[in-house]
Amino acid sequence: MEAGGERFLRQRQVLLLFVFLGGSLAGSESRRYSVAEEKERGFLIANLAKDLGLRVEELAARGAQVVSKGNKQHFQLSHQTGDLLLNEKLDREELCGPTEPCILHFQILLQNPLQFVTNELRIIDVNDHSPVFFENEMHLKILESTLPGTVIPLGNAEDLDVGRNSLQNYTITPNSHFHVLTRSRRDGRKYPELVLDKALDREEQPELSLTLTALDGGSPPRSGTAQINIQVLDINDNAPEFAQPLYEVAVLENTPVYSVIVTVSASDLDTGSFGTISYAFFHASEEIRKTFQLNPITGDMQLVKYLNFEAINSYEVDIEAKDGGGLSGKSTVIVQVVDVNDNPPELTLSSVNSPIPENSGETVLAVFSVSDLDSGDNGRVMCSIENNLPFFLKPSVENFYTLVSEGALDRETRSEYNITITITDLGTPRLKTKYNITVLVSDVNDNAPAFTQTSYTLFVRENNSPALHIGSVSATDRDSGTNAQVTYSLLPPQDPHLPLSSLVSINADNGHLFALRSLDYEALQAFEFRVGATDRGSPALSSEALVRVLVLDANDNSPFVLYPLQNGSAPCTELVPRAAEPGYLVTKVVAVDGDSGQNAWLSYQLLKATEPGLFGVWAHNGEVRTARLLSERDAAKHKLAVLVKDNGEPPRSATATLHVLLVDGFSQPYLPLPEAAPAQAQADLLTVYLVVALASVSSLFLFSVLLFVAVRLCRRSRAASVGRCSVPEGPFPGHLVDVSGTGTLSQSYQYEVCLTGGSGTNEFKFLKPIIPNFVAQGAERVSEANPSFRKSFEFS
């Protein structure tokens with residue numbers, strides 16, 4: 001049952017009955033105040049702060065305001081003093097008409113928390129109006145045969161004041177024939193009747209003139225007068241008589257104009273002109289004459305303007321039937337106006353709380369009242385809003401409602417709500433009114449900036465100029481205003497050895513990244529760091545993204561020749577036997593490039609040669625080979641210039657210089673060696689002979705094997721000492737130079753040679769070939785394995 005009651009309170013449609021709804025939002029009872037009408041603007045009614053038990057500052061802090069029906073500003077509330085003051089002169093007659101007492105209902109609306117205080121102000125009447133007759137002159141025709149005691153109706157006066165200030169009685173100037181009586185209608189209005197005291201004599205006095213005075217009960221009293229002119233007529237035996245002394249008729253307020261609502265009828269027993277009857281309104285007010293029209297012949301009473309139940313719900317109309325002799329009869333028509341549903345409901349907005357923070361819970365967004373001028377079911381009202389909105393209507397006090405949010409809102413999903421409040425009455429047909437309220441949702445910093453990518457990869461070519469824009473990061477924030485303003489920063493690198501602050505910087509406003517210095521691919525190929533994005537909300541929210549910077553290689557390094565050495569010392573000389581076949585490997589140029597990729601792809605070509613066409617260079621690996629058979633006519637010494645070029649743009653290059661010496665054979669030394677060299681060679685030869693002799697005479701296989709191994713080990717040790725050459729600095733024709741393999745040739749082509757120049761004989765000698773039968777077998781294998789060997793060379 002409790003859950004059902006909760007659902008009932010949160011229903012979107014609430015039936016409003018114009019009755020007082022007591023609750024926690026309202027005061028326990030209405031406070032009543034009074035003030036006399038016509039008081040000047042600013043007149044003090046009461047001190048609300050004192051009456052409500054609040055401090056003046058609290059009254060202002062809670063946004064106290066006065067709410068009146070129809071949103072009329074009759075009052076003003078001073079937040080400085082807490083006084084309730086008149087905002088304008090109040091005219092009781094204008095506000096309430098004849099209704100007494102005259103009560104103005106108003107509410108004091110307090111917020112934080114929401115509270116209604118119901119109040120009422122009674123407007124006390126002052127005697128500011130005099131009685132007024134509808135006709136300043138009345139003309140009566142009375143037969144001289146009229147009997148004393150006959151009552152003759154007179155036109156009444158009206159006084160807009162009420163109570164004792166209203167019209168109280170009538171008087172007439174003293175005379176011997178008439179006196180006046182004061183009568184009261186059912187609605188309390190007073191009217192006069194003229195009573196004949198003494199028979200009239202036309203021959204003695206054919207006309208009389210009297211003054212009728214209307215007096216109110218004010219202090220001092222006010223009065224109004226009308227002149228009565230009486231004409232004494234000859235005898236007319238019968239006066240007209242109505243079929244009914246009272247007609248009652250109910251008329252719908254939407255009855256069309258010129259509709260006949262009632263027909264009165266009178267008869268006269270006389271004949272001739274004395275029996276001819278005409279009908280007329282008897283001392284009717286201006287409002288009656290504007291609303292109805294009476295046919296003087298037929299007695300049909302028609303509407304001449306639309307009725308309005310909400311303004312006047314009944315009329316009392318006096319009708320006079322007069323014959324040709326001046327005699328008359330009187331009847332009364334009471335018109336009851338029947339309410340129809342012709343007024344749509346009205347909404348009066350008291351306050352709107354907009355914008356509201358998106359993280360606020362159940363919050364009062366608006367306070368409004370509804371009303372309908374109709375009565376009964378026509379004035380009962382039902383309120384509703386759309387079902388798909390996070391709001392509901394909550395009835396408070398009397399005819400007031402509050403529009404309340406169901407909970408926290410999400411500005412990023414929807415920042416503005418146009419709420420249509422539909423008010424429908426229960427009449428037939430039902431009338432409805434729609435009222436739109438716009439509620440704005442203000443932003444709360446509940447969204448952190450979000451990068452467009454979780455990681456960014458940037459490419460920067462080395463040797464860039466400092467302050468170069470290398471890329472950008474971007475983050476967006478779904479919030480608005482300052483909560484969505486993003487600033488960027490570099491976060492401390494995870495690698496403590498990375499000098500990030502000297503490598504890159506970031507523009508805090510737009511996320512542009514800049515290189516602070518020229519980058520060197522050979523020193524730093526790549527690095528990564530984190531970038532933070534922080535909004536300006538309170539508290540600030542942030543996020544981060546990873547940035548990888550890849551340095552692209554530029555062709556900024558020339559090839560470097562490792563072999564042959566180009567250090568300006570003794571040049572390297574390669575020996576080539578004259579018996580070498582075409583394609584014989586002379587040497588190999590070895591070079592490296594500090595760049596990477598295609599910038600480090602090297603190609604070789606023979607740039608210059610002493611004898612063109614004799615040697616060629618393999619373009620891809622730098623091998624220098626013979627291009628044809630050698631002959632005795634070929635010079636013994638050759639100088640080659642090999643160009644090493646990379647594949648960069650633009651390409652870079654280096655030049656290697658080779659010296660080649662053609663020799664007849666390797667069996668005899670070409671040049672004399674130092675004295676120590678022959679002795680070493682002979683000792684080595686004797687050792688070999690000794691090993692062979694011992695091996696041949698050995699009778700035991702095991703002993704021979706062991707001895708052979710020992711001799712071989714001894715041979716290798718001595719061969720190492722014999723192979724060393726002294727390499728002094730200086731030009732080629734000088735001391736011995738070591739031109740043993742530098743590691744750039746394959747093991748098959750490694751050898752050692754010692755050369756000397758000067759006064760010795762022009763001979764050379766191979767001290768020790770590392771691999772026996774090198775020349776014959778190596779050249780033969782090259783020629784047989786690759787018949788198109790020559791095609792892979794580049795000749796110059």
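For all residues, glycine too, the Cβ spot is worked out from N, Cα and C.
As annotated by Swiss-Prot, domain 'Cadherin 1' applies to 35-133, with the evidence given as sequence analysis. The average pLDDT computed over the domain 'Cadherin 1' (35-133) stands at 86.
Residues or ranges marked as domain 'Cadherin 2' in Swiss-Prot (evidence: sequence analysis): 138-242.
For 247-347, the entry in Swiss-Prot reads domain 'Cadherin 3'.
Annotation comment: Swiss-Prot describes 352-451 as domain 'Cadherin 4', evidence class sequence analysis.
Sequence annotations record features per position, and here Swiss-Prot assigns domain 'Cadherin 5' to 456-561.
Swiss-Prot lists 568-671 with the feature domain 'Cadherin 6'.
Sequence-distant neighbours of N169 (N-linked glycosylation site) (same chain, six or more apart, CB under 8 Å from its CB) are T182, K190, A214, L215, listed in sequence order. Sequence annotations record features per position, and here Swiss-Prot assigns N-linked glycosylation site to N169 (among others).
Look at Swiss-Prot and you will find N418 (among others) tagged as N-linked glycosylation site, backed by sequence analysis. Taken residue by residue with DSSP, N418 (N-linked glycosylation site) is part of a strand. Neighbour density for N418 (N-linked glycosylation site): within 10 A of its CB lie 10 other CB atoms from the protein chains shown.
Neighbour density for N436 (N-linked glycosylation site): within 10 A of its CB lie 8 other CB atoms from the protein chains shown. Among the features that Swiss-Prot reports, N-linked glycosylation site is placed at N436 (among others), with the record citing sequence analysis.
Under the three-state DSSP scheme, N567 (N-linked glycosylation site) falls in the coil class. If you look up Swiss-Prot, you'll see N567 (among others) marked as N-linked glycosylation site, on the strength of sequence analysis.
Under the heading signal peptide, Swiss-Prot lists 1-26.
Per Swiss-Prot, topological domain 'Extracellular' is recorded for 27-690.
Taken from Swiss-Prot, the feature topological domain 'Cytoplasmic' applies to 712-796, supported by sequence analysis.
The annotation transmembrane segment is assigned in Swiss-Prot to 691-711.
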Legend entry - the domain 'Cadherin 4' (352-451) - residue tally per DSSP class, helix then strand then coil: 4 helix, 49 strand, 47 coil
Inset, instruction - Enter the number of other CB atoms within 10 angstroms of the CB of N567 (N-linked glycosylation site). - result: 6
Legend entry - In contact by Cβ distance (the domain 'Cadherin 6' (568-671), the domain 'Cadherin 5' (456-561); 3 or more pairs under 8 Å): yes
